[in-house]
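Have a look at the structure below, then the notes.
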């Protein structure tokens, strides 16, 4: 079998659901982690510049922000590795399912690819044999992991539940900034509200961002409007929105992974193949 024919068969047997989910996962995590990190930094600057002059008032908030930023670093690394592993699992189980139905002959394609990589059996020295042996060991170890789709279904299900909480929490800063922006719109257009401009405020203490004894803790009237007009506020608001969208995209990708893995696992069990290929 030629290399082109082998590649064509591999493309036909590609797990497109896993490919789409992987791309969506990487995009969502990058958006969530990158924008979320910068949005937290912007929030820290806004709080210490406009809402409190005493470092003791927002010291705890800064520690929490820094802790979340370190968590973001770990989240990005974890999802990069786990997404790649889920993609490999998608190729592995989808190939097995299509081999059952006769749509995709993984053994033939695998032989063609192996012959292309190792250069065939003829004329191969000890170095080539050593490399081939190392590759076989790696594939064998990887196959032990990928040969248990039930574990991936369980882990992905638990991860989806956890990420659902992350998605809900990512909506909180969007809600706070949206309320602040709405208050600024009321100040900018007094005809839309019957309240006095001086009584329209954004109170960081009300959301638990600052303790109740923080001073001033809130900004009202024209001072609040001037804050909303700053590029720093606008950028932070939009970064939180982007992080929220990234969390939603990641949640959709995890659901897609879980559905695809569950389907493949169910087919393999029903066809009596078990989880060993």
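Don't overthink the numbers, they just go from 1 along the chain as shown.
Keep in mind that glycine also has a Cβ here, set from the backbone N, Cα and C atoms.
Positions annotated as topological domain 'Cytoplasmic' by Swiss-Prot: 1-10, 89-151, 269-277. The feature S-palmitoyl cysteine is assigned by Swiss-Prot to 6, 7, 10, 109, 139, 141. Taken from Swiss-Prot, the feature transmembrane segment covers 11-36, 60-88, 152-178, 239-268, and the record attributes it to sequence analysis. Taken from Swiss-Prot, the feature topological domain 'Extracellular' applies to 37-59, 179-238, supported by sequence analysis. According to Swiss-Prot, the phosphoserine annotation covers 114, on the basis of similarity to another entry. Residues or ranges marked as phosphothreonine by Swiss-Prot on the basis of similarity to another entry: 116, 118. Among the features that Swiss-Prot reports, disulfide bond is placed at 184-228, 201-220. Marked as O-palmitoyl threonine by Swiss-Prot on the basis of similarity to another entry: 199.
Annotated features, which come from Swiss-Prot, shown on the structure.
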{"residue": "184", "record": "disulfide bond", "Cβ within 10 Å": "19"}
{"residue": "199", "record": "O-palmitoyl threonine", "Cβ within 10 Å": "9"}
{"residue": "201", "record": "disulfide bond", "Cβ within 10 Å": "17"}
{"residue": "220", "record": "disulfide bond", "Cβ within 10 Å": "18"}
{"residue": "228", "record": "disulfide bond", "Cβ within 10 Å": "20"}
Out of 11-36, 60-88, 239-268, what stretch is closest in contact terms to the transmembrane segment (152-178), meaning most Cβ pairs under 8 angstroms? 239-268
DSSP-derived class (H/G/I helix, E/B strand, else coil) of residue 220 (disulfide bond): strand
Other than its close neighbours in sequence, what residues sit by the topological domain 'Extracellular' (37-59), given a CB gap under 8 Å and a spacing of at least six beyond its ends? 65, 68-69, 72, 173, 204, 209-211, 213-219, 223, 227, 232-233, 235-236, 239-240, 243
CA-CA, which of the recorded positions 184, 199, 228 lies nearest residue 220 (disulfide bond)? 199
About how far apart, in whole Å, are the alpha carbons (Cα) of residue 199 (O-palmitoyl threonine) and residue 184 (disulfide bond)? 12
Are there residues at least six beyond either end of the transmembrane segment (11-36) with Cβ under 8 Å to its Cβ atoms? List them, or say none. 68, 72-73, 75-76, 79-80, 83-84, 86-87, 89-91, 93-95, 98, 103-104, 106, 109, 170, 239-240, 242-243, 245-254, 256-257, 259-260
Kindly report the helix/strand/coil residue split of the topological domain 'Extracellular' (179-238) according to DSSP, in that order. 32 helix, 7 strand, 21 coil
Secondary structure split (DSSP) over the topological domain 'Extracellular' (37-59) reads 20 helix, 1 strand, 2 coil
Cα separation, residue 201 (disulfide bond) to residue 184 (disulfide bond) (Å, whole number): 9
